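Listed features, source TrEMBL:
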- 11-212: domain 'Cation efflux protein transmembrane' (DOMAIN)
- 12-31: transmembrane segment (TRANSMEM)
- 37-60: transmembrane segment (TRANSMEM)
- 81-104: transmembrane segment (TRANSMEM)
- 110-132: transmembrane segment (TRANSMEM)
- 152-172: transmembrane segment (TRANSMEM)
- 178-199: transmembrane segment (TRANSMEM)
Amino acid sequence: MNRDIIEKIGLILSIIVTLFMSILGIGFGIFVESEAILLDGFFNIVSFIMALITLGVAWLQRQPENEYFNFGYLSFVPLVNLIKGLLIFLLSLFALTSAISIILHGGRTLNANIAIIYAFIAAVGCLTTALIQKRIAQKTRSIIIEIDAKNWLINGLISLSVGIAFTIIIFIKNTSLSWFIPYADSVLVIVLVLITLPVPTKIIIDSLKQLLLASPSPKIQREIKQLFETTVNHFPLEKYWLRMTQIGNTIFISIYWLFPQDYVLENIEILDQIREKISKVIYENYTDIIIDVIFTKSPKWAENITHNNNLTNNR
């Protein structure tokens, strides 16, 4: 099956499950007056809205470039992920301050038995969806689906934790620890927020790096550089400059190739052979790659653009 179709199926699945979970969460949350369940429901509302936007962006990024977007729409992917990360981050902070306020005002009682029913349904639904999305992300190498899988994992862990906490509440109801019951829901929200907050924080940082044209991870840079160096051994090369950036799934590679001063170019086909050799080897390991190879005998063309000596490589 086509990768784009698989990605679209994953996004539609996310939209359907998210809508169901948001209605379930807010309905149960209002009924049992639980801040933790309401937090879960609002997380799903954010996910539902962003899933609709993401579906549109997934279609948009496959459209050809035009006079307004000469490099296509790839930058919309990290932009949507940034918005999603910010919304989850702000919602988490709101839930944190609300929980602290409830504790300071004496806590709140709730129906733990009904809450456990919700938590079981939500945990199974969210964790199952996270597993499906993770497999789709592995097949498609889609960052959109990968981040969606992480969001479902967060929602599933929240629901699971809610279920465990409410189970504990039932067991301590008639014990000396019963004084804690009015505070249990709010304490649970605080713990969940503190545990899950690093996930949207990482999404925000990674998305900002892509929007600001930062280079890919050091691991990807090392692998691409090794692939390049093992490919060009049989070609005349005095020095090269290698620059990379990643936007969404796509890695952009710019290579400035400096020929030796005494090298005489016999025909233009040689340059195409070099470019073809480099592209073939890198494409075998990374599918979403755009490679530009600029050939020159004058280092000024690369040095005018690249002033960092760490990007200069001698043969």
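Cβ coordinates are placed from backbone N, Cα and C, and glycine is handled just like the others.
The transmembrane segment (81-104) makes contact with the transmembrane segment (37-60), as judged by at least three Cβ pairs under 8 Å among residues 6 or more apart in sequence. Listed stretches 12-31, 37-60, 110-132 were compared with the transmembrane segment (152-172); the greatest number of C-beta pairs under 8 angstroms is found for 110-132. For the transmembrane segment (37-60), the most Cβ-contacting stretch among 12-31, 110-132, 178-199 is 12-31 (pairs under 8 Å).
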